[in-house]
Amino acid sequence: MTPPILIIGAGLSGLTISRILTNASIPNIVFEASTPDRSQGYAISLREWGYTSLLTALGDLPLRSLTRGVAPDRILGGTGWIDQALRDNHTGNLLVAPDPEAKQCIVRANRNALRTWIADSGDEEVDIRYGHRLRSVQGSMGNVTATFDNGAKYQGSLVIAADGVHSSVRSQILPHVSPDIVPVVVYHGELELPRKEFDNLIRPHSGPSNILAGVGDGFNTPITVCNITPTHVHLDWSYSRPSTENKENKDPLYRPHVSAAEAKQIPPALLEEIASRDLARPWSQLLNAEALPTHRVFNWVSRCVSVTREDVNAAQKQGVVFIGDSWHAMPIFGGEGGNHALVDAVELAEALTGKEGNLDAAVTGYYDRAWRRCQEAVRRSRQRFFQLHRPMREWMEIAEKKKMMAAMKGVEAH
């Protein structure tokens, strides 16, 4: 019997490749350190190139199958639509309006629902072993052993590292590779509102969009819908900006080495800074000194991971291949990490299908195909954060140019 493929991590990339391999009758086991009830309830943006790749790999499923299962507003018959409009969070005025004729090319997805939907997209259950924290990986391509803290030991043909930015596999196989911290400030809050309160407070500003994007003078305050139930709406918000720290000045909100416990605490400097922003409604009604202590607030440290081709070749000789954030992590704000994780899983599964007898060639082919896409995505993600946090004068210039172009288009139409 062919040894199974061992997948470390039950996130989006791990579940996706397990589901595709399982559908192709290729033995595999997923190992996850956490318990089955772990939650990642926030929503992410799935871009057309990401969800199309996934739907095709799962048997040419229709887009409606996905949106019915994962859209934050699915209970209302929604499709995870966002208007992609930008509003001045000081005045509430619309700055950048989307093209009304543009088709929907981004789907918002509740991350918990997406993981469940992927796992359920097949006849045979995916084999997930929870409570398995990796201790070591040893061996070579075709014969590799994974040992876990609970004493379990499994032999497989290949280890797929799908265990995220802080990858245990990578830290063992490539100990010299560590995440780079991006000098940005990101605070993320989660809250729940009764449906009636949401309809009165947020809907008049957002309409049917699942994101209310507010931009300020070098900072952003998006409010996003994570999930809607019959009685409540789960929301999250972000407060983000580039760090101002340098040799002369310390930025009290830039805490790159914050502990897990400290990351859940609200620093007084955050309350003071938000109060100084003079936000318009509805941002001011959620982001204030009275409301924030009632939310679950996290200080997200933004990290990037980059590896060389020599690095992955060395890991390949030890029977390890990387997918998702384990080899190309991007900042949560402005990155497309979830989409690239899905495409990684699809492309590696395609490379492995029918080539179980030549794993080396399959893994090499996967890297040949994915390399440029992923390396360029990491580079772009760093730039995109700063592009999305412009001075207000630049946003005003962009808004004016958009108006002029729209006016010219209207004249040409007549």
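Cβ atoms are placed via backbone N, Cα and C, with glycine included.
Positions annotated as FAD binding site by Swiss-Prot, on the basis of similarity to another entry: E32, A43, R115, D325, G338.
Taking the features listed in Swiss-Prot, we show where each one sits on the structure.
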residue : record           : Cβ within 10 Å
E32     : FAD binding site : 22
A43     : FAD binding site : 28
R115    : FAD binding site : 20
D325    : FAD binding site : 30
G338    : FAD binding site : 23
Reduced DSSP assignment, A43 (FAD binding site): strand
Structural state of D325 (FAD binding site), classified by DSSP into three states: helix
